[in-house]
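Data block below; observations after.
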């Protein structure tokens with residue numbers, strides 16, 4: 001019973017945290033585009049700073065409950081590293097997906113946009129997919145590397161990485177399948193055309209797998225323990 | 001006697017800290033608008049970075065005395081969580097309100113504006129109120145979540161959250177009734193029309209109450225202790 | 001003998017650290033103004049971010065030797081609080097002044113400007129002096145408050161405060177007599193007309209004194225100890 | 001055998017980390033220049049924030065394996081301080097060079113540029129070399145000073161320093177021979193004409209040597225220990 005109750009709390013935290021993450025990404029994109037009067041660099045700077053700052057706050061707020069994955073790549077990699085049981089993976093991912101779409105809707109309501117509307121923002125081609133591979137490889141590298149040696153710094157490491165990755169990858173670094181799917185439902189600054197999502201997600205999975213393999217060799221493996229507070233944000 | 005003396009120190013810290021918070025919010029708004037020559041995105045970026053940075057400094061400076069609430073929502077939530085006695089709540093809120101107006105006046109004097117002048121900045125409608133509900137829910141979520149598990153990181157979590165919330169909410173995230181009322185007395189970048197303040201404050205109270213209830217379930221409750229250094233910034 | 005050697009190291013650290021601080025302030029001001037093509041908000045944003053980031057690095061680099069004051073206000077306040085002996089105050093301040101001018105010269109050489117040239121940047125009037133009083137009061141409040149309760153966070157608290165204060169005070173927050181005098185020798189973005197320096201310095205001394213008095217009451221006083229690693233950055 | 005395996009891991013970490021560092025520097029430079037529509041201040045601001053944020057993440061991710069030098073100046077200074085054996089220096093530097101060029105190529109592929117193409121960005125003259133001397137002196141000062149007294153803060157100290165140095169030096173602070181050589185192969189925002197690299201590298205070596213000497217006097221020397229986790233990022 002205690003375990004089920006624990007899972008209910010963790011799933012709530014994953015869903016709510018992912019919802020806030022998407023609200024930050026989409027909401028700050030809308031605000032940036034509206035205010036920047038055509039200067040996309042300023043809009044992206046605001047978007048990157050808001051997302052990085054939001055990640056610090058959200059990981060610190062939720063990691064004590066669920067590990068603050070907010071990302072199927074992280075959940076899959078944690079299970080592969082035996083840091084959480086595989087049977088919880090589908091529940092985590094379902095919560096992340098539901099939360100992501102709820103967060104997009106929440107942002108749209110704040111800015112007077114339709115609840116959902118398909119993006120027309122084209123993001124295709126090999127350079128974009130290579131960007132997502134690099135972005136996701138780097139994200140998992142940062143999460144695994146920092147959580148093995150400096151667990152207290154993980155929220156700052158992840159936030160700093162994403163702030164940088166908005167700028168150094170040509171795709172502005174989605175690096176998260178739940179984020180990718182939900183952003184397809186937002187025809188705003190942060191959107192992505194639904195037809196372009198499969199390529200992004202495949203590249204993300206490959207990048208995360210490569211990082212998990214390489215960092216499994218670089219750092220000694222830690223065994224899974226029963227307490228739920230392991231994961232990226234702990 | 002010692003307890004009264006302790007309360008005097010704490011009330012001074014709450015008032016002075018809230019005054020500095022308002023000086024930062026209003027002052028950096030004026031400076032940003034004056035220098036940005038019409039590019040509101042740059043003005044808001046400066047306003048958000050200054051407010052976030054200021055919060056880090058102010059919470060670290062005052063949390064050792066009063067808990068660095070600077071916000072009636074935080075004080076009410078702390079009392080509801082039994083982390084401070086209800087009898088101190090009115091004194092804290094009075095100090096926050098007095099400090100907030102003093103901080104607005106201090107900023108106006110620095111920039112050669114009238115001591116107080118009513119704002120004409122319209123901020124009304126359901127999208128704005130929904131923004132304030134989301135902003136206040138998130139603020140209390142971040143404060144409760146991070147203070148339960150990573151107390152040393154609370155100043156950074158709160159500051160990062162507000163920096164993000166300036167951008168991801170359509171209202172630029174007031175999330176604080178004392179701040180809302182005092183900003184009504186400033187017809188500058190950060191102002192709000194007095195007629196729009198009741199809607200903001202009701203939405204803020206509802207958002208903070210929802211977060212306090214939900215996070216009371218997500219995290220185990222900690223009992224109130226006599227020493228005054230509990231609260232959001234400890 | 002050991003004490004004299006200790007003082008030599010500390011004075012070197014104060015001078016070198018203050019030199020780097022001025023190089024950051026003046027150099028980033030020149031770069032910002034040159035690149036921003038007339039948009040002063042962007043120049044000040046770069047100046048504020050560079051100064052805040054530089055302060056984190058410099059306080060962490062030098063606090064283990066000298067306490068990383070870099071500021072006569074801090075040295076005077078520390079001595080008043082009995083955290084360092086009065087006999088070392090003149091040596092510290094002399095090192096800060098010499099370092100400040102050396103740092104301005106180093107920045108000018110990097111950017112192909114004259115070694116020294118008097119500023120023509122007018123910064124006068126009561127609003128400017130009130131700004132410097134507030135800026136210096138806040139700086140000492142942040143240093144004393146955070147160092148009493150969260151010593152590891154002091155570098156971040158000070159840096160964050162100055163980043164905010166560039167924006168929320170009308171004077172862009174000099175808050176340091178050594179910095180004020182040296183910036184009078186730089187006719188660039190960060191300069192101040194020599195005739196305006198006395199008013200700034202008097203306001204700074206009054207603000208620092210008020211904060212030292214008030215925070216001596218807010219926080220219990222800590223006694224001076226022989227080891228040199230006390231001070232703002234430890 | 002264990003030692004050789006340890007070296008393989010460390011060399012991989014140095015190469016991969018330096019590759020990501022160059023991808024961040026060059027990639028964010030390209031993105032910044034493309035979006036900023038001629039406003040170089042905004043491009044440099046994005047470049048500086050992305051590089052600083054990237055450094056926090058990369059040092060936290062890799063320092064547990066290799067010390068996260070990513071820079072021949074740091075490796076040489078560590079060996080000189082007896083914190084790593086001289087026989088490993090050539091291997092570290094080779095990995096940093098190979099990683100640096102790989103990172104430039106990775107960034108070019110993300111943005112649809114040629115794999116390598118020589119830069120035409122002129123960066124010559126005494127003011128530029130003096131800038132690189134100052135930048136490298138400061139970098140080693142920050143690394144040595146912070147790692148002796150606040151090792152947990154080193155990732156933040158280094159990242160903050162580089163963010164500031166992009167703005168306060170006239171050369172935008174390369175401060176790294178591997179970075180300098182690899183950026184000569186990128187005719188983009190971050191590039192440097194190949195003919196200008198020798199002057200930069202000589203100035204960098206002199207600055208790093210001066211800082212190592214001075215800080216060897218300022219701080220007591222720590223002896224080299226067998227475990228590989230010493231270095232700038234530990």
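For all residues, glycine too, the Cβ spot is worked out from N, Cα and C.
It should be emphasised that the depicted structure is a prediction, and the values quoted were computed from it without experimental measurement.
Residues or ranges marked as transmembrane segment in TrEMBL: C:12-30 (among others). Away from its own ends, the transmembrane segment (C:12-30) comes close to residues 43, 46-47, 50-51, 54-55, 58, 61-62, 65-66, 68-71, 92, 95-96, 98-104, 106-108, 110-111, 113, 178-179, 182-183, 186, 188-190 of its chain (Cβ-Cβ under 8 Å, at least six residues beyond either end).
The transmembrane segment annotation in TrEMBL covers C:42-68 (among others). If you look at the transmembrane segment (C:42-68), the same-chain residues 6 or more away from its ends with a CB under 8 A from one of its CBs are 9-14, 16-17, 20-21, 24-25, 28-29, 31-33, 35-36, 78, 84, 92, 154-156, 158-160, 162-163, 166-167, 172, 189-190, 228-234.
Through the fold, the transmembrane segment (C:89-111) approaches residues 7, 10-12, 14-23, 26-27, 30-31, 66, 69-72, 75-76, 79, 178-179, 181-183, 185-186 of its own chain, all at least 6 residues removed from its boundaries and within a Cβ separation under 8 Å. If you look up TrEMBL, you'll see C:89-111 (among others) marked as transmembrane segment.
Same-chain residues lying 6+ beyond the ends of the transmembrane segment (C:123-144) with a Cβ under 8 Å from its Cβ atoms: 71, 73-74, 77, 81, 154, 157-158, 161-162, 165, 169-171, 173-175, 192-193, 195-196, 199-200, 202-208, 210-212, 214-215, 219, 232. As annotated by TrEMBL, transmembrane segment applies to C:123-144 (among others).
Through the fold, the transmembrane segment (C:156-179) approaches residues 18, 21-22, 25, 44, 47-49, 51-53, 55-56, 59, 70-73, 93, 96-97, 99-100, 123, 127-128, 131-132, 134-136, 138-139, 142-143, 146, 150, 192, 200-201, 204-205, 207, 232-233 of its own chain, all at least 6 residues removed from its boundaries and within a Cβ separation under 8 Å. Feature annotation from TrEMBL assigns transmembrane segment to C:156-179 (among others).
Positions annotated as transmembrane segment by TrEMBL: C:199-219 (among others). Within its own chain, the transmembrane segment (C:199-219) has Cβ neighbours under 8 Å at 73, 76-77, 80-81, 123-124, 128-141, 144-145, 148-149, 171, 174-177, 180-181, 192, counting only residues six or more beyond its boundaries.
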